[in-house]
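Student: When I checked TrEMBL for this same protein, it listed these features:
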type	residues	note
DOMAIN	18-243	domain 'Peptidase C14 caspase'
REPEAT	494-525	repeat 'WD'
REPEAT	526-567	repeat 'WD'
REPEAT	568-609	repeat 'WD'
REPEAT	610-651	repeat 'WD'
REPEAT	652-693	repeat 'WD'
REPEAT	694-735	repeat 'WD'
REPEAT	736-770	repeat 'WD'
Amino acid sequence: MILCRAGNKQVKKPKMQKIALLIGVSEYQSNALSPLPAAVRDIKALGEVLIHPELGGFPKSHVTLLENPGRLDMEIAIESLFEERHRDDLVLFFFSGHGIKDDTGRLYLATFETRKAPTGRLQTATAVAADTVHRYMEYSRSRRQIVILDSCFSGAFPAGLSLKDDGKIDLRAQLGGEGRAILTSSSSTQYSFQQNDEELSLYTRFLIRGIETGEADRDGKGIITIGELHDYARQKVQEVQPAMNPEIYPGKEGSAIHISQAPLGDPEEKYAKEVTRSVNRRGKIASVAARANLNDWRGRLGLDPATCEAIEKEIMMARWEEFQKKQQEYAQVIRQILEGAGNLETEAAHLQRRREMLELTEEDAKEIQTVIEQEIAARRQRHERNLQRYTVLFAEAIRQEGPLLSDETQAEMASIQQVLNLPDKAVEQIQIREINANVRREETKITEPPMISTALTEETVHPALNGLDTNYANWRMLWKIQAHAKPIAWPHGLEFAPDGRTVLSGSWDNTLALWVVESSQAIRTFRGHSANINSATFSPDGKALLSGSSDTTLKLWDVESGRELRTFNGHSDYVLSVAFSQDGHTVLSGSNDDTLKLWDVASGQELRTFEGHSNSVNSVAFAPDGKALLSGSDNNTLKLWDVASGKEIRTFLGHFDLIYSVAFAPDGRTLLSGSADKTLKLWDVASGQAIRTFKEHSDEVNSVAFAPDGRTALSGSDDKTLKVWDVASGQAIRTLEGHSNKVWSVAFSPDGQRAASGDHDGVMILWGEE
């Protein structure tokens, strides 16, 4: 309750009331005025709409219908309507009947007693003057006043129509005023009329229809303003009688006065309209306020959360796909210009027109341009590196065999050319140059010429550890960035690329991002999920990404282009964890629907469902040999599964709270788990027995990982720290501090010399020795 201070006392602010007076004059004592049968029907029909609890919402006791009153009764009723009102009260005066002017042009509202002198002059004492109504309105404290006059100013009219009056009346001068909305069924120089075969007057009929059907709710907000109602009725009247011109005379914000609620109609259609209005072009709810409005609509429409989420998902995805298509079209134009050695500055005018046609902002265009420039630069750098690699390998080959290479080595070099995607002309130039120079290069040592391609593969895909032991004592924070606006995905939101040069992050902001390890520079963002991303991983060859999301899907992405390759549909709830098999042909997912699913990468088809957990499957992993699967669940257990048969091999019992993360050791003989019970456990795969427990975290353990050598493990916890563990002893070697919130995901680099961690604030940190 709002309180106002009066001296030292507090008094209650009066509650806003809605009051209406509806006057219909259909019968007249004088034969000089023709009957208007629809006038009384007008006020009865409008009254029903006003008192309807889901439409006008006027209390029945506050709506007065006055039929065929005399002048005094009518004036007293009008005076009573406007007197003793409070500032916030809504006062509505509706009149259906004859409107007449006197010889001076003053407007009068006809009563049952209204008559004219034998000379044809109006006897003004028998009618209510408009300026009298105006005076009562001025004296009223109400600042929300609506006057609706379904009357006009007489004269001859076509057969079958009854006139309501004539003349040129300046309504703005006689009835206009601050905080008011004056609606008239015709202009000051036109006739308003009723059709004899209709129940209601034309203008009133469409006022009522606009409210009852909700069609007058032009902005779809569920509220009909007096301005919207008039616009609707005006349009409909002119469709029937194009010559008529209903008008509105608003004072200040009078046209914004709320006259009625709109009927809800089909709840799902209504919610879809509200979602469409609330979603921005990127397929996201536009603001916190928009989200709050949608939540209000959910309650008002009585829709269940699942239905609302399905509607939102469909609309958001469609909006995002539309935006993504426009981005791709613009990106293609930029790519064609840059790859054709064109100049973006000289094409600026054409690019601006293209951007405007695609409805992209300057910010969108700059973002796309930056991504394409980075993409092309990366491609050129990669091409240069590949040329250098081929040069080194060819030079070493001719050093060992001479200019005339063996057939076997020539086949190996042809295979390398194909892997590096080098054109024949570039390769021919390298061969001629190296043969003529007969250069001895020391950078790459090839001891077995037939194994050239193997050496290449190890260099580009699986970097060796070079026999170096990692000195964790010297590890420190190398860089720290705000990677995402929302939390890094839990529990597997980070992973290094197989070549160790980039690191992938997934987030609850529904995106994935690719970062350069050495510089922390963002290379590319992957958008397409409509809800939180919970897990992300690279394919074994590093050319593709896999993500799992709360939108119940998995998505496969092309690393090079950022393009979505495939969506895997089949889970009925959040996808919490994903993993690639070692050969890259299949992928695995764990879900909040308590199942694991195995998928074929090439077709996107579901191969098998693994059922046995009684709660959410938070983490999954493939055994190094690809024959078994591992899962950790909210039912406090780990399970080992046979890939071929889909059968459960073993259940691991020992944790006494939820299991968030699991990992296989590189040799596949042991496995590691992290739990809400604040511990990690090392398990023997063959026996299912716990080997040891790691106990130094003070809060839930969210994510675990083995180092590539299997001798060290890493964990991230709600206690905001990472810990590096000696697997053999179970002792913490090092505690890494730098996060300000819960550490939700951790990952080792392929060579074990770096680690990445991400937290609930969306912050990512790279750790290692300089």
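Here the Cβ of each residue, glycine as well, is placed from N, Cα and C on the backbone.
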Student: For the repeat 'WD' (568-609), could you work out the same-chain residues 6 or more beyond its ends whose Cβ comes under 8 Å from its Cβ atoms?
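Tutor: For the repeat 'WD' (568-609), the far contacts come to 491-492, 531-532, 534-541, 544, 546-550, 552-556, 615-622, 624-626, 629, 631, 633, 641, 643, 646.
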Student: Restricting to the same chain and to residues at least six past its boundaries, which positions have a Cβ under 8 Å from a Cβ of the repeat 'WD' (652-693)?
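Tutor: 490-492, 618-625, 628, 630-634, 636-640, 699-706, 708-710, 713, 715, 717, 725, 727, 730.
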Student: Which range wins on Cβ pairs under 8 Å with the repeat 'WD' (494-525): 610-651, 694-735, 736-770?
Tutor: 736-770
Student: Summarise the model confidence on the repeat 'WD' (568-609) as a single mean pLDDT, whole number.
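Tutor: Mean per-residue confidence for the repeat 'WD' (568-609): 95 out of 100.
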